[in-house]
Structures are given as C-alpha cells and as structure tokens.
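Participant: From TrEMBL, for reference:
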type     : residues                                                                                    : note
ACT_SITE : Glu223                                                                                      : active site, proton acceptor
ACT_SITE : Tyr314                                                                                      : active site, proton donor
BINDING  : Gln61, Cys62, Gln63, Pro193, Tyr194, Gly195, Gly196, Met197, Glu198, Arg500, Met501, Lys502 : peptide binding site
BINDING  : His222, His226, Glu245                                                                      : Zn(2+) binding site
DOMAIN   : 394-544                                                                                     : domain 'Peptidase M1 leukotriene A4 hydrolase/aminopeptidase C-terminal'
Amino acid sequence: MHPMHAAFGVACEIGLPADLGTKGRTLEVAIEYSTSPESSALQWLPPEQTAGKEHPYMFSQCQAIHARSLVPCPDAPAAKFTYKAKVSVPDWATALMSAVPLGSSEANGEMRRTFEFEQACPLSPYLLAIAVGHLRGIEVGPRSTVWAEPSVVEAAAWEFGECEKFIAAAEQLLGTPYIWKRYDILCMPPSFPYGGMENPCLTFATPTLLAGDRSLANVICHEVAHSWTGNLVTNHTWEHFWLNEGWTRWLENRILARLEPQGVREAHYDFHMQQSHTHLQDDVNNFGASNPLTRLVPPLDGIDPDDAFSAVPYEKGLALLNCLTAVCGGRPQFETFAAHYIATFKTLTLTSADFRDCFLSWCEGQQIDASAVEWDTWFYTPGMPPVTQTYSDELGAACTRLADRWLAELAEEDSGLTAAEYLGWSSPLRIYFMETLLARALAADKPPLSAACLKKLDDLYGLTTVKNAEIRVRWQRLCIRHQAAFIVPHVINFVKEQGRMKFVRPLYRALYGWEEQRQLAVDTFTAWRANYHPIAAKMLAQDLKVAS
C-alpha cells in the first residue's frame, strides 16, 4: 500500500509473477476489503432524511474519482470493466445497481433478501452505482421502470414517463441501438448533488425535476444521450471530459429538436444554443478568462476533478461541435459524422487528439476542407471560444422584449404588463426570461428593479411559490441581488430541502456576498452540512470559506 494522497487516496500495488505464461492469459486477483463510514462514494441517510421517514437509505455517487472508495479498482475512465454482483439487504429494502437485475431471493428466517445483477457491457469505474432503500417501481415503457420511495413514485413515474421517446430518437439519429438493455430511472432523495447521473441501466435523477408538468424533462433527455456519448464512447481521462459532456449536450439538443414539429425544429435548437453561450460566459466570468480551468482540455495534474467541475466542458465542447457543424456544411452532414464517430469508438475511450484525427479523416473521405479549424486554440486556450456562432433569435426575442419592459424605469406603472404572455410560454422560455432579468441585474452597477417591480413580478407570475426549481432559483438570486429581505426565509428553506449543487452553490454564494446575510449563510451551512452529500459539502465549504 502506498502513502495517502490528499486528493487521490491510497494506491494499492500488486506484484505479478514474472512467468505469467502465454500472452492473453487471464490472472485472477482476489482482494478482501471493506468500506469505511467516510467512503466518499456513499451517502447513508437516516430515516428522517428520506421521504417516508421510516427506513434508512444508501446511494452511491462515483463520478469522478470516488469508485476507489467503494471497491478496489483502477479508478480511471479508461479502465472499463464488466461486473456481476450480489447484494444482501433487509427484507423491507430493494437494491438497485447500474446493471441488469437478474432477480432476488429471500433467506429463510433471516429477514433478508439477496439481489443479483450483471453488467455485460464494459463501463468505466465512475459508472458503478448502487442504491438501497424502501423503493417501489412503476413501469413506464418497454425497457424502463421508474423507482422511488412509495410516497414519491407516482409523481416521478408521470414526470419521467416519456423517456422511451428520447431513447428511440437517439437510436434513429445515431444509427446505433441502445445496448444496455434496461433504462430505469431512480428518483433520488433530496440530498443527491446533481441533476442526474447517467449510470448505465439506472439513471439517478434529482427530485428537483418533479415540477408537475414535465417541464424539466430535458435533464432526462441529457442522461439518455449519455447512453451513447459518455457511457458507450468515453473520455480517456478527465482532462478530456468535454468528449463526454460536450457531445451529450449536442445529442440532447438534437433529440429535443427532433421531437418538435418540423417547422420549428431548428429554431428550438438555436434557442438552446443561445442559452448554452450564456451559461458558458457565466462560468468563464466566474473562473476568470485566463484561468486554465476554462480550457477545453484543462491541466488536471494533481487536481481532484471535482474541484474543476463547471459548465466549460459542457458548453465549450458544444460550441466546438457547432463550429465543426459549419465546417461540415450543416447539421444533417454533422449528424452523419456523429453516427460514424459512435460506430468508430463504440465501447472504447479516446482523447481529444483521437477525436480530431477521426474528424479530419472523415472529412478527407467526404472531400471536406477542415484545414481552417484551429485545434490547439480550441483545446488549450482559456476563456471563451475562438469562434462565435450566430443563431436565430426567433424564440428568445419575445423573452428579451418582456425583460426590457420590466427593466424600464417606470415598469411598476406599466399597465400593459400582465401575466398572459409569460404564462403562455413553455418552461424553457420562462426560464430564459428569468435568466435575462438575472443577467442584467448582475451586470448592472446597481440593482435595476425597484421594490414595487419585484412585488409586481411576484404577484403576476407567482415566482416565490413556483414549483419549477429552475425558475425558483433564478427568482431567488434576482431578489438577493436587490437585497429584498422577504426572500431570505424562502432561500433558506430551498437550500435545506434539497442538495443539488446547481442550486445550492449559487444561492449560498449570493447570500454570502450580501454582507448582512453572510453569517446566516455560514451558520445555515454549518448546521445543515451533514444533510448534504460529501461532494456538495466539500464544494460549499470552499465557497463559504469554511474549514473542511
């Protein structure tokens, strides 16, 4: 055993005999081990932190480098493996894994059940997953069951009930069948730190997606897309994370566009691309444009990948793929390349250089001139992309116009501001409207909205009580920017009722930046810290300058 590394743990080195024999011979190594209560891959919830309040709950989160705290393994994306597992649990519990379930059996007189699983398709260690709790499942498609605690499962099954159409659209677009057999979804406890986790056969989904109107189902579309881009074709190391996430953002957007009516597909795609550019600009501003972590291929030597997590690999990766779309001559041509790419690297891992070579080789075969692409600039220069694409503003323009009216000096006296236009929009347009207001407020030297305007916004649109978490977090951040004290109890309730980092981190940071509420932010986190996932607690402690 090697010495402890602060970020990477303890390496286990196994000496192999010199005379292994013929090439290709298999060597079996058995390791006896146990996890510790501090295993960073696992969160153990007491009954009071579950929806049912009766039984404990356990779940894993191995991305990026936490599988090593769950099982002894070469914990790198390139070290793909298959696995079989038996999981023994109390008789009230159900065990689920990122594998195909083979059934369960009861042990006579022991009040326990044993579940068996097999994953025959190679997966990377970060995709190893397990969850055990008082769970119930509802079938929602030919290869999908939605699982959750009994009090939540019906709402979750309805919310996620359209996942089959995403799978079918991806199969049609890429020409490669879904190979994982099952696409089940587990609606997680509130402390789950991400929107979703693309574990093969068993996507983990945050309960913050339960808006009641399927308006946040694009997150499930993103996780479905990972079944090809990330799970089937995988980044070789975490420096090349954009190959997972940039590609998945592209595929997610193409799937969503395909499900729109023929005449508005590309307008919807352009709308999503505009939002992508905004999210990327926000993170580049947050890091600083010269920060090496804003490179598409960042230097991660000695760095925990969790500390580098941001929108950059997602949105800058997507920006590169859209630049290459223009090089190819359009979206249909690039979809042809995407199918070739998946077929070429199916079940393998690759680097950014491998991707570049694949693209250039394909272009040569198609007689496409790709010589103008500045690969090194894209890969290794920090900040915003070297090429900015332009997109149709057909859908977003109405949101911007309405935001401008609210930002006008006399907005509280504008009798033409009614609820009708906003409430007539789809959820993505409502989110974009709120995002526009928030972006303008954050960029202004002083808060641009009066207290009367904030009250009128809330009265017309019901923002303080809205169920859609994406709208809710933007509204709360907008109010914090204006130091509107009425919102503070609602913010505190929101950061306590869920632990999704996308929401709790910006809200805590915003409160921390408001001098009068800074101590409240620190005190709330300190008191509630044990309820957050270890990954989220670590990042929040850094944000709030609280000792780990």
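Glycine residues also receive a Cβ, built from the backbone N, Cα and C atoms like all the rest.
Please treat TrEMBL annotations as automatic predictions, because they have not gone through curation.
Just tell me what is around each of these and how deep it sits.
Facilitator: The Cβ of Glu223 (active site, proton acceptor) has Gly196, Met197, Glu198, Thr203, Ala205 as same-chain neighbours under 8 Å, each 6 or more residues away in sequence.
Under a cutoff of 8 A between CB atoms, and with a sequence separation of 6+ in the same chain, the neighbours of Tyr314 (active site, proton donor) are Trp242, Glu245, Gly246, Thr248, Arg249, Ser276, His279. According to its DSSP assignment, Tyr314 (active site, proton donor) is helical.
Residue environment of Gln61 (peptide binding site) contains 25 other Cβ atoms, counted within 10 Å of its Cβ in all protein chains. DSSP assigns Gln61 (peptide binding site) to coil in the three-state reduction, outside any helix or strand.
Neighbour count (other Cβ atoms within 10 Å of the Cβ, all protein chains): 22 for Glu245 (Zn(2+) binding site).
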Participant: According to DSSP, which of helix, strand or coil covers Tyr194 (peptide binding site)?
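Facilitator: Where Tyr194 (peptide binding site) sits, the three-state DSSP reduction gives coil.
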Participant: Measure the Cβ-based neighbour count of Gln63 (peptide binding site), defined as the other Cβ atoms within 10 Å of its Cβ.
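Facilitator: Gln63 (peptide binding site): 26 neighbouring Cβ atoms within 10 Å.
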Participant: Any idea what the model's mean pLDDT is for the domain 'Peptidase M1 leukotriene A4 hydrolase/aminopeptidase C-terminal' (394-544)?
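Facilitator: That region's mean pLDDT is 94.
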Participant: Between the Cα atoms of Gln61 (peptide binding site) and His226 (Zn(2+) binding site), what distance do you get, rounded to the nearest Å?
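Facilitator: About 16 Å separate the Cα atoms of these two residues.
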Participant: Return the member of Gln63, Tyr194, Met501 nearest to His222 (Zn(2+) binding site) in space, with distance defined Cα to Cα and candidates limited to these binding-site residues.
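Facilitator: Smallest Cα separation from His222 (Zn(2+) binding site) among Gln63, Tyr194, Met501: Tyr194.
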Participant: Consider each pair of residues in Gln61, Cys62, Gln63, Pro193, Tyr194, Gly195, Gly196, Met197, Glu198, Arg500, Met501, Lys502, all listed by the record as binding peptide, and report the largest Cα separation in Å as a whole number.
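Facilitator: With Gln61, Cys62, Gln63, Pro193, Tyr194, Gly195, Gly196, Met197, Glu198, Arg500, Met501, Lys502 as the binding residues for peptide, the largest Cα distance is 18 Å.
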